[in-house]
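Undergrad: One structure, pasted below without further comment.
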Amino acid sequence: MTLAVAVAPLEKTPLETYVPPAKPSLIGLSRAELAERLGAIGVAPAQRKMRAQQLWHWMYVRGARDFAEMTNVSKEMRATLAEHCTVDRPEVVAEQISADGTRKWLLRLPSGDDVQKAHEVECVYIPETDRGTLCVSSQVGCTLNCSFCHTGTQRLVRNLTAGEIVGQVMVARDRLGDWIDRETPNGNRLVTNVVMMGMGEPLYNFEAVRDALLIVTDNEGIGISRRRVTLSTSGVVPNIARTGDEIGVMLAISLHAVRDELRDELVPLNRKYPLKELLQACRDYPGASNARRITFEYVMLKGVNDSLDDARRLVQLLKGIPAKINLIPFNPWPGSKYECSDWDQIEKFSEYVFNAGYSSPVRTPRGRDILAACGQLKSETEKLSVRERDALRAMAMTD
């Protein structure tokens with residue numbers, strides 16, 4: 001059965017302009033940009049490369065939050081830096097910890113604009129026995145209007161800067177005590193994986209996401225392996241190849257349907273980049289192999305996309321693509337038109353896909369009680385009513 005869901009037309013929404021603070025943060029700058037910034041505040045050309053490398057180490061290896069911590073930088077240089085720049089990251093407005101250990105942070109983004117217009121995003125840390133995954137946002141809000149996703153009900157406000165994206169990783173390390181110091185010379189390794197699966201469509205903010213992930217994966221900095229970084233897209237086809245060529249991280253596709261007519265409803269971007277184009281881009285993805293499989297995310301919606309015929313079509317669609325399929329039980333939110341598939345049906349679907357030769361794990365919902373599960377993120381810029389929050393928590397507790 002296909003639900004007829006009204007979807008808004010895909011239109012370009014006017015974005016608010018990012019206003020940098022009076023003293024901009026150095027977080028998010030490349031080494032070359034750091035050297036250029038140092039030149040702008042009077043550092044001699046012969047010293048810029050060395051000073052930039054010092055700053056890089058203190059920011060991304062040691063997690064320094066103030067220039068005063070940078071003990072191998074001269075006092076005069078530290079004073080000059082403090083006069084013109086900061087190493088600020090987003091401000092933690094609220095932290096929630098789920099019964100399952102998942103943590104969600106509401107982050108206010110530094111801005112030179114009126115504080116009343118400050119924007120907020122959410123990022124989520126999911127601890128597991130063998131890894132710790134940080135779910136990072138790329139935009140304030142989202143423009144895609146995916147009908148099953150809570151974030152899609154919030155208008156797109158603006159793109160995040162590279163610094164605001166890297167800053168989310170740094171905030172997580174701050175809060176978890178995950179930086180290198182004398183007590184933990186190798187770090188605690190609590191944040192081992194990063195997924196660009198938070199608020200927004202990463203490939204509609206490609207340059208900032210690229211620049212941020214190159215910092216996150218830099219071996220002389222934050223140092224998370226590219227194989228442990230996954231970028232999820234709803235299918236912005238022109239930037240998929242660029243992701244492989246320019247960033248080189250793992251790719252995930254928010255698929256959710258095997259027929260164009262249904263995907264047009266669930267993921268309206270499909271009307272611009274239909275399944276045939278999307279899957280060809282996946283076949284052509286640089287570096288894809290059995291060792292670097294593309295993940296296809298598939299939310300399980302009762303009576304909508306969960307039949308065995310859907311499973312058969314899914315297997316046929318992915319033929320020739322090194323892939324695995326993540327089956328995601330639908331996470332409820334107030335006002336949603338959908339229900340989660342019955343567990344028995346999810347297992348049948350998974351078994352069929354597995355027997356066809358594809359890994360098909362069912363993602364365990366995490367953080368539902370703090371609105372941190374897949375598809376539930378929505379910044380406080382557009383607050384839920386008390387009634388909506390109570391309804392959502394009730395769903396989480398009874399699920």
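Even glycines carry a Cβ here, placed using N, Cα and C.
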Undergrad: If I go by Swiss-Prot, which of SER225, SER232, SER307 binds S-adenosyl-L-methionine at the same site as GLY200, GLU201, SER254, LEU255, HIS256, ASN331?
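TA: So the S-adenosyl-L-methionine site in Swiss-Prot includes GLY200, GLU201, SER254, LEU255, HIS256, ASN331 plus, from the candidates SER225, SER232, SER307, SER232.
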Undergrad: Whole-number Å distance between the CA of CYS142 ([4Fe-4S] cluster binding site) and the CA of CYS135 (disulfide bond)?
TA: 16
Undergrad: Compared by Cα position, which of the binding-site residues GLY200, SER232, LEU255, ASN331 is the closest one to CYS149 ([4Fe-4S] cluster binding site)?
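TA: The smallest Cα gap between CYS149 ([4Fe-4S] cluster binding site) and any of the binding-site residues is with ASN331.
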